[in-house]
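K.L.:
Below are the structure tokens for one structure; questions will follow.
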């Protein structure tokens, strides 16, 4: 029965006296994929150059006036005018603002916001007041011009209201006395046309204008937080890197002790998290507004508000408690397997001890990934800002040319202005109708896909390089005498020289699945408003299936790269051989390999937890010793989240060395068992310790297998 099962997954490896580990005489594999990958990279460079020549990041950073000029940009006439002023903020109360993202009123750059009430009629009668008023008028206004002419040409606003700068824009300085809305401590004001208006009439205009810029406002605040805390974030990432490296080095010499310390500390850190959440939850008892539910609160741009609600801390406490229980239960039920997995990690530590340079290889991978991410981010910003300014007709009365495209240079003499005397040609948004702009979305898609492809290629290169280095260790009969002088550099050279196409092929398959997942997330976001239960269910199933598919492809790719590093065959052949080899050793894979991955995951969790707790107390100002040192931020969770995510990526990079070492040794062990029998003629290449470790598990399997066979016979 066992032979039949094995035959389904290919024939076991035969003894080959000439086989001494990774083959040196090999040829190039998957050449077509290599050529396509090089062409794709050249196309990616061309897209980047095109984006950099067309894009302008200033469109994201600076507000834009009605002429499409940037307020406050250095080296321009508006350098000393960083604020955007609305002639009539109440026109922003129009529902069209939320659809077109533009207020139908003249907007201009000013040096400072108005700080007092004033109408054009009153200011015109006083020379000093009129000089002040002209700061908020367009060029060309003179004392000889009459008020009707100024208003007809829309050179000045009809009135000024006290305003404050907010996200580089002048908004009315609204206040509140009891339940009464005020502006500049006044409840009423004149609009410059002889009408007296209530201060609350300004609220709708400010509200709609705020909705238009709310996303940019949050982004700008986050950007400011990064500028204030980037060096502390960098220090936190350096601490994570040093901690990870120190942990890996200690794991090399004290594997057994360090694993148990790691397990205890992970449980302790999560336990402290539960305790801290409970203390915060208890401290908010009886506080005004603390019992509001998250559903009632809704979405808030100031995320610190959520930390003032008891339900938030209760949710954190429940999540951490569930995680704690899961980890403890897994450790209890897998305690015997954990002991064997610890022994396997000890053997991996010996391998890393002979290939010490592998510990620093993640730094090279991190550098390459940083370059890929930076290139993608810069290209994405330039592509998104490579549109041209589009001007449209805005008017107060009915007009057949309303919202049509116009040219501000000759609009005053155009037929549209003649037919619609009260209309204006204002900057609307950035767009374009050229061939380049029509295919801009395609270029953005290409940018995202090439980002995934290049990032997966870099990751695959690291996996194949480490696999080649550790395979050289395993198949060296006399260690380390039979190993290459520089195993990591030798493996890296072989991977790039012979298997660039194979790496590109595997990375391409994975990238296709990842881009499909991105598209599914986009569609899911679009379909949320439809409230179609069947569509929601179908989308959920698709997302789950492609998530599982991505995990399976990553697992197969990883083992395929190990086989490529050893035998030098193409991707499909190596993937098939790796799959069949794993299926012939399915029990070992499930029991040992995955338990080892679980222990290494706990190591990552420990480093992230330690660095994350330190970052929380530092940036939140909870420790008095750091109150003066910590930067003052809008959202202190921004650097904390950045440090936590960065720490996980760094820890993952260092622990991936151990994970790759364990996977390579495991696959080589399975090959060794099939090729050799331990006799003098066909000795095992594995160490006696490794043989004892992995055969401990085999001693338990015959008992369960024979019991299962007896049950089948009874049936």
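Cβ atoms here come from the backbone N, Cα and C positions, even for glycine.
Feature table excerpt (TrEMBL):
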TRANSMEM  29-52  transmembrane segment
TRANSMEM  230-251  transmembrane segment
TRANSMEM  257-275  transmembrane segment
TRANSMEM  313-334  transmembrane segment
TRANSMEM  359-383  transmembrane segment
TRANSMEM  448-476  transmembrane segment
TRANSMEM  496-520  transmembrane segment
TRANSMEM  598-621  transmembrane segment
TRANSMEM  633-651  transmembrane segment
K.L.:
Would the transmembrane segment (633-651) count as touching the transmembrane segment (257-275), i.e. at least 3 C-beta pairs under 8 angstroms with sequence separation of 6+?
P.N.:
no
K.L.:
Out of 29-52, 359-383, 448-476, 598-621, 633-651, what stretch is closest in contact terms to the transmembrane segment (313-334), meaning most Cβ pairs under 8 angstroms?
P.N.:
598-621
K.L.:
Any chance the transmembrane segment (496-520) and the transmembrane segment (230-251) are in contact, meaning at least three CB pairs closer than 8 A with a sequence separation of 6+?
P.N.:
no
K.L.:
Short question: most Cβ pairs under 8 Å with the transmembrane segment (598-621), which of 29-52, 230-251, 633-651?
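P.N.:
Ranked by Cβ pairs under 8 Å, first place goes to 633-651.
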K.L.:
Which one, 230-251, 359-383, 633-651, has the most C-beta pairs under 8 Å toward the transmembrane segment (29-52)?
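P.N.:
Between the candidates 230-251, 359-383, 633-651, the best contact partner of the transmembrane segment (29-52) is 359-383.
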